[in-house]
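Per Swiss-Prot, the features are as follows:
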{"type": "ACT_SITE", "residues": "C176", "note": "active site, thioimidate intermediate"}
{"type": "BINDING", "residues": "205-228", "note": "NADP(+) binding site"}
Amino acid sequence: MSLKVFDYEDVQLIPNKCIVNSRSECDTTVILGKHAFKMPIVPANMQTIINESIAEFLAENGYFYIMHRFDGAARIPFVKKMKKRQWISSISVGVKKEECLFVEELAKQGLAPDYITIDIAHGHSNSVIEMIQRIKTHLPETFVIAGNVGTPEAVRELENAGADATKVGIGPGKVCITKIKTGFGTGGWQLAALRWCAKAARKPIIADGGIRTHGDIVKSIRFGATMVMIGSLFAGHEESSGETKIENGIAYKEYFGSASEFQKGEKKNIEGKKIWIQHKGSLKDTLVEMHQDLQSSISYAGGRDLEAIRKVDYVIVKNSIFNGDAI
């Protein structure tokens, strides 16, 4: 099988005639399941990216979020709290035995979260298929996101098992070293993998990993993503979990992968690493900037909403458009 592959930095979208007077007229709203959200983005469900207070802020302000699964006991109180406040509840599960019992416990307590994400590194597996079916049996109203995957076969199989959306991306993230440790993954061709998977999908796809700029969010939408999961761009904020250190008068915050020893607390099956990211200030400011950039993109696409982006032409430029200049 030969597949023409490319990644984010290899692609440029081609503008269409602008039909709005101001980019502020452009609507970045996206629908996922029964809810509409302000933007097609979701912070990665990683310990150094999302925490309860960030989740509450996002839910209150109309953004999608997925709470991480690394504090299992906190999930039921969290769902109760979100439901009490009438905000969306969105959590993650793994596939181990205790997670099966956890799903049954949610059902027993009559606590159906709005969204559950089954979150494992290699999502094309029987354990994920069984977990999808278990959630659909016990919590039929819950929207199930399953991943991560990197092939059309995987997307079809998880959709057929009952997944309402699939998450595409194996190891393209900044703190993911799966591609180095195992030789497998979508690192270096994530955008082409997304396109390949989206062509097979009948349900929404969440692009996960490899997003380095706001323009990459737009490229993901062009190639079939409904939602775009973002780690490193959301790391390093005032509100982020994780340690802060000062070096030569500059503040940095830690950011580590979900399969790193820092998250696991042990050196076993390590496929993530830790990096220090320069402190970025307030998360609110980053969200505002992202929103404005998305509005600009819609105006370049010649439309008024995200749909316009899906139809634009593109070119594949096999040289990096940034020439190594980080924004």
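Along the chain as shown, the residues are counted starting at 1.
Any Cβ shown, glycine's included, is placed from N, Cα and C.
Put plainly, the binding-site residues S220, T226 were compared by Cβ crowding within 10 Å, and the winner is S220. All protein chains shown were included, and the count of other CB atoms within 10 Å of the CB of H214 (NADP(+) binding site) stands at 20.
When the alpha carbons of F223 (NADP(+) binding site) and C176 (active site, thioimidate intermediate) are compared, the span between them is 23 angstrom.
Residues near I205 (NADP(+) binding site) in space but far in sequence (CB under 8 A, at least 6 apart, same chain), listed by position: V155, A165, T166, K167, V168, L194, C197, A198, G224, A225, T226, M227. Within the same chain, residues at least six positions away from I211 (NADP(+) binding site) with a Cβ under 8 Å of its Cβ are Y8, I217, S220, V228, M229, I230, G231, S232, L233.
In the three-state DSSP scheme, F223 (NADP(+) binding site) falls into the coil class. Within 10 Å of the C-beta of D208 (NADP(+) binding site) we count 31 further C-beta atoms, all protein chains included. The two recorded residues, D208 (NADP(+) binding site) and the residue listed as 'active site, thioimidate intermediate', have Cα atoms 12 Å apart. Separating the Cα atoms of H214 (NADP(+) binding site) and the residue listed as 'active site, thioimidate intermediate' is a whole-number distance of 20 Å. Under the DSSP three-state reduction, H214 (NADP(+) binding site) is assigned to helix.
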